[in-house]
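Encoded as structure tokens, the structure appears first; notes follow it.
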Amino acid sequence: MDKKSKLINLLKEVGCIRFGEFILASGKKSNYYIDIKKATTNPEILKLVGEIIAEQIKDEDVKVAGVELGSVPIATAVSIIAQKPLLIVRKKPKDYGTKNKIEGELKEGDKVVIVEDVTTTGGSVLKAVKEIRENGGIVDKVFVVVDRLEGAKENLQKENVELIPLVTVKELQSTQ
């Protein structure tokens with residue numbers, strides 16, 4: 001079994017997709033919810049996700065960024081497996097100390113790959129792209145564990161960023 005099929009099976013096994021009435025981070029209503037925390041707190045899934053992304057960036061001179069809180073475990077796994085420096089993008093700057101919005105060393109011209117847990121419209125990850133770019137980083141790629149196929153890919157393309165989903169919601173909903 002290839003790694004993608006294994007990931008799909010594991011996501012289903014731990015109950016990452018739930019049905020009912022839900023309000024998403026984007027404000028949209030949905031009849032299903034991707035409970036990705038069931039994956040990002042599972043060591044087997046986290047390692048597998050880290051390996052899949054690390055394989056795709058191993059030959060690139062990049063830093064790996066995760067947006068607090070959901071994608072930080074993923075970014076950490078990728079960083080360790082790929083041996084790439086880690087950045088953490090805060091949603092709001094700290095109100096004490098350095099007041100940084102980006103943790104880790106980001107220098108002008110650094111190439112950064114962002115990892116995300118779930119995308120719907122891409123709004124959250126677009127804020128991270130903007131923040132990294134405003135601080136001198138170059139972002140043209142975002143990896144996401146699950147894409148809900150509701151506009152994130154298109155919205156990121158408008159900003160010259162490629163969205164690379166490990167799994168789409170269609171694949172997760174299919175009954176293999």
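For all residues, glycine too, the Cβ spot is worked out from N, Cα and C.
Residues or ranges marked as 5-phospho-alpha-D-ribose 1-diphosphate binding site by Swiss-Prot on the basis of sequence analysis: Arg90, Lys91, Lys94, Glu116, Asp117, Val118, Thr119, Thr120, Thr121, Gly122, Gly123, Ser124. Per Swiss-Prot, orotate binding site is recorded for Thr120, Arg148, and the stated evidence type is sequence analysis.
Where Swiss-Prot records a feature, it is marked here on the structure.
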{"residue": "Arg90", "record": "5-phospho-alpha-D-ribose 1-diphosphate binding site", "CB count, 10 Å": "16"}
{"residue": "Asp117", "record": "5-phospho-alpha-D-ribose 1-diphosphate binding site", "CB count, 10 Å": "24"}
{"residue": "Thr119", "record": "5-phospho-alpha-D-ribose 1-diphosphate binding site", "CB count, 10 Å": "29"}
{"residue": "Thr120", "record": "orotate binding site", "CB count, 10 Å": "22"}
{"residue": "Thr121", "record": "5-phospho-alpha-D-ribose 1-diphosphate binding site", "CB count, 10 Å": "19"}
{"residue": "Gly123", "record": "5-phospho-alpha-D-ribose 1-diphosphate binding site", "CB count, 10 Å": "14"}
{"residue": "Arg148", "record": "orotate binding site", "CB count, 10 Å": "24"}
Quick note, Gly123 (5-phospho-alpha-D-ribose 1-diphosphate binding site) and Arg148 (orotate binding site): C-alpha atoms separated, nearest Å, by 13
At the level of the C-alpha atoms, what whole-angstrom distance separates Asp117 (5-phospho-alpha-D-ribose 1-diphosphate binding site) and Arg148 (orotate binding site)?
11
Taking Cα atoms as reference points, which of the binding-site residues Arg90, Thr119, Thr121 is nearest to Arg148 (orotate binding site)?
Thr119
Measuring Cα to Cα, how many angstrom lie between Thr120 (orotate binding site) and Arg90 (5-phospho-alpha-D-ribose 1-diphosphate binding site)?
19
